[in-house]
């Protein structure tokens with residue numbers, strides 16, 4: 001019941017719907033008591049040969065009225081109660097989504113997309129069930145159950161009622177029990193299914209290996225045993241699932257047996273009439289649903305509570321980076337200074353003793369091995385995390401004196417792992433500036449060296465990207481994400497190893513354009529392939545988070561250290577790669 | 001997507017789907033028959049209860065004829081029938097589920113087997129996401145279909161038929177009247193089916209939009225935040241959320257109009273019909289009260305099955321579409337190259353010859369043009385060229401992943417398609433540039449299902465591949481569980497593992513698809529050393545990027561647009577003063 005308390009904010013907010021809905025639900029419960037009463041009455045009239053046409057018409061009209069009225073009321077309470085629960089689902093989903101947009105990268109590193117999706121789908125569904133079916137089963141089992149029992153006891157016989165009810169609690173108990181067993185087993189069946197899913201995913205991605213080694217048969221038999229497990233886990237579900245109906249049959253059968261046996265005794269003693277006995281059994285039939293509902297109710301709120309707790313825990317995660325009071329609202333523009341004594345993250349790796357001054361309009365190149373801290377250094381500008389010892393300044397002010405929104409207005413960052421949305425190419429380029437004109441979009445695309453590719457697609461800039469659309473190569477995706485950043489014409493542009501999948505000639509073209517178009521603006525480029533850094537005004541080489549070499553391209557070549565060696569090797573290898581072109 | 005795969009997106013027509021689904025039940029004929037017998041028995045026993053009560057009321061209670069023996073017999077029959085019905089119903093329900101699961105497993109294995117045996121061209125061109133969901137999600141839907149049809153539809157229909165049978169037994173005339181309920185119910189079912197198909201399709205479309213947007217946003221959150229589009233994305237999401245909400249509300253209203261409330265209304269109408277009938281009959285002659293009891297009781301139970309069936313209808317329709325897609329995929333034929341094996345033909349030395357080989361992926365677009373070369377046992381051929389020059393196509397052709405258009409590929413003088421498939425797979429070892437890692441430990445990733453590989457041989461292969469050092473550093477060593485897609489290992493480490501995986505099988509021919517990806521110097525040296533050891537006594541073809549590999553090759557091919565632009569040994573190529581020479585000069589000048 002705790003979940004109802006936790007959700008009380010919503011019940012209060014929707015008190016009119018819930019209040020009316022519950023009232024109508026009770027009304028419907030009361031109406032369902034009428035037909036059995038009429039049955040009893042008619043049976044007695046027939047039994048006593050007292051039936052007349054008028055009486056028959058009278059009661060049948062009442063029945064018809066009850067039927068139509070119930071139909072309307074049933075429809076209304078559904079709209080009210082289920083409608084409210086659907087609305088709750090919508091509200092929670094929107095809250096979660098907007099909460100997600102506030103979470104920083106560390107939040108996403110700790111959680112898998114699949115899990116977050118599960119919270120936003122399954123958990124919300126369970127809460128929705130609690131606020132809908134949960135309320136229904138509670139109200140129905142209590143009102144309908146008590147109405148029926150009270151009617152049976154008052155209008156027929158309380159002794160017979162007590163006797164007939166003996167087996168009933170067992171049904172509520174059993175369905176609750178089965179329900180929770182089912183839930184657990186269903187959980188492991190789901191797990192087995194998702195293991196099967198992973199297996200298929202793996203098989204399809206690894207098909208080349210399988211074919212190369214000729215292991216199709218083995219893959220098939222591995223799949224077979226995996227799917228055996230799915231069957232086994234599902235059979236465990238079926239074993240419990242199959243218990244429901246027989247249990248109901250037995251309990252209800254016993255209940256009927258008791259009421260007919262003892263009811264007959266009461267009829268003979270003339271404590272009740274035969275018509276009353278008939279309506280008694282019909283009332284008994286009406287009790288099945290409240291009993292089942294009572295069992296279900298506990299399952300629904302058990303799941304609802306766990307789910308709602310999970311959702312709340314997610315919503316309680318605090319925003320990591322918050323603006324300080326009085327932060328500068330205008331986007332910064334000017335020199336960039338990295339002044340970092342020590343910055344560690346994830347325990348070990350980090351940056352040490354880094355001082356770099358980039359005058360406005362200059363380009364900084366950052367080189368180094370994988371894991372040397374290139375990406376981390378460039379990302380400090382984004383203020384994804386706060387630096388322990390040291391600071392990063394833009395326009396002479398530390399980053400945290402700016403509102404984050406203002407800061408990001410000045411910066412465009414192109415990450416290594418390009419991410420595109422399932423939208424048109426134009427929409428993807430204009431992602432950061434949806435109001436951009438077509439001309440600007442084309443200009444950005446041309447600057448990123450992707451325009452030619454785009455106009456070759458049948459639908460040009462309106463081509464869809466993603467599973468349902470065209471499949472882009474890694475280089476094309478990279479260039480699209482560069483275009484996306486260039487469209488903003490940002491004060492500071494960061495290319496974080498984002499030219500790696502672009503061929504040498506296109507790289508050259510992009511760098512040339514950047515140089516021309518961004519004369520008065522700051523650019524930071526990190527790269528594994530050093531040809532991307534040639535043009536930079538200053539290049540620093542990182543090794544284990546420290547600066548090991550710095551200078552411009554020519555100076556670094558003269559030093560003949562890591563940079564120079566790496567540069568030469570890469571030059572040769574690119575000759576080989578492009579070898580055919582020059583032959 | 002290619003045109004030849006487009007038909008896979010459209011499900012088979014329903015009629016055909018039903019036929020195919022029926023074929024799958026054939027293997028379980030006996031079990032289905034047994035379950036049916038139990039079902040009919042259980043239903044009959046269940047439905048006999050009210051008749052016994054009717055007999056009790058009319059023959060004993062009303063005339064006050066309370067013979068103890070007869071009553072005991074009736075009572076025990078009643079209890080026995082209920083117990084029997086419970087037991088039979090438990091087993092039939094269990095059996096139907098078992099049959100459904102067995103069928104679905106067979107279907108899954110069939111489709112997986114079919115897909116696994118398709119040629120590589122299919123996988124290179126059909127989106128993997130769609131393929132995976134055919135094999136898992138769509139078959140899961142089909143499972144619902146079988147469970148729904150077998151367990152719910154069959155059971156409930158038998159139950160309904162049983163109720164009518166009992167009613168006819170009690171009072172044929174009234175039962176005939178009661179038959180009038182059927183058209184009313186069918187009419188409601190028809191209406192519901194018609195509208196729910198539309199509403200549910202809309203709702204499920206909106207739901208998938210919603211989930212797709214959510215999934216995409218979570219994955220692209222960094223980009224959204226970077227470009228400060230949170231507010232816009234929130235707004236758009238709210239829009240999708242709202243339209244999903246509206247669609248849901250609409251289908252809920254439909255449910256409210258045509259499902260339970262409607263069936264409840266019909267049940268009251270049926271009750272009115274029955275009571276009126278008995279009432280009118282009673283004007284002329286006495287009516288047996290027990291029969292009224294039984295009729296009312298049956299009516300009470302008549303409508304739950306109707307509800308059950310109707311609730312499953314929309315699910316049923318969705319599942320039919322899924323089944324249609326699964327069968328489409330099963331019907332798709334795109335086999336890999338077929339071998340015409342000569343019995344017992346073995347690869348002895350592994351000498352390879354390409355003789356005027358031409359090859360294309362799509363008709364008319366030649367990716368290899370008239371390629372000829374030879375590599376002998378113990379030699380290494382390096383293939384150099386930019387992306388799209390046809391390097392990987394040579395591997396695809398030699399591995400028999402694709403059929404060539406013209407020319408001949410010979411191994412030890414025999415055409416490559418005359419070897420038994422097994423012989424080829426065993427003796428051509430492919431080292432992929434990014435070793436695909438399967439779930440499991442390091443050991444199983446090296447022996448890849450082949451249990452016949454001895455521990456000793458495996459350790460030796462690990463050592464030869466130079467993978468020993470890094471494997472020892474892993475917790476558990478060879479028993480180390482590889483993370484998702486081998487994410488815990490570096491590219492270089494994965495390549496060493498790929499090496500071990502290949503040489504443990506001791507192939508005569510070694511094919512290397514070398515990575516350009518950044519590996520640190522240490523690993524590069526390891527890879528180099530491993531290659532030196534591995535190529536001994538084998539024929540080696542390397543698609544090479546690293547200078548160290550290329551310089552060590554006995555023969556070098558420079559490919560350009562599918563043709564050989566330059567070839568020779570390191571020395572002859574230098575003498576030729578082509579690209580290789582320029583490259584070499586550059587190196588000397590720089591170093």
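Residue numbers in this text run from 1 along the chain shown.
Yeah, the Cβs are placed from backbone N, Cα and C, and that goes for glycine too.
Unlike curated entries, TrEMBL annotations are predicted automatically.
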Given the ranges A:104-125, A:192-213, A:214-235, A:280-301, which one is assigned the annotation transmembrane segment in TrEMBL?
A:280-301
Within the same chain, the residues 6 or more beyond the ends of the transmembrane segment (A:133-154) and with Cβ under 8 Å of it are 3-4, 18, 21-22, 25-26, 29-30, 32-33, 37, 81, 85, 160-162, 164-165, 280, 283-284, 286-287, 289-291, 293-294, 296-297, 300-301, 304
Spatial neighbours of the transmembrane segment (A:21-43) not adjacent in sequence (6+ beyond its ends, CB under 8 Å) are 51, 56, 59, 62-63, 66, 69-70, 73-74, 76-77, 80-81, 84, 135-136, 139-140, 143-144, 147-148, 151, 155-156, 273-276, 278-280, 282-283, 286
What stretch of A:55-77, A:160-178, A:280-301 shows the most Cβ pairs under 8 Å to the transmembrane segment (A:242-268)?
A:160-178
Long-range neighbours of the transmembrane segment (A:160-178), counting only residues six or more past its ends (CB under 8 A):
149, 152-153, 240, 243-244, 247-248, 251-252, 254-255, 258-259, 262-263, 266, 272, 280, 284, 287-288, 291-292, 294-296, 298-299
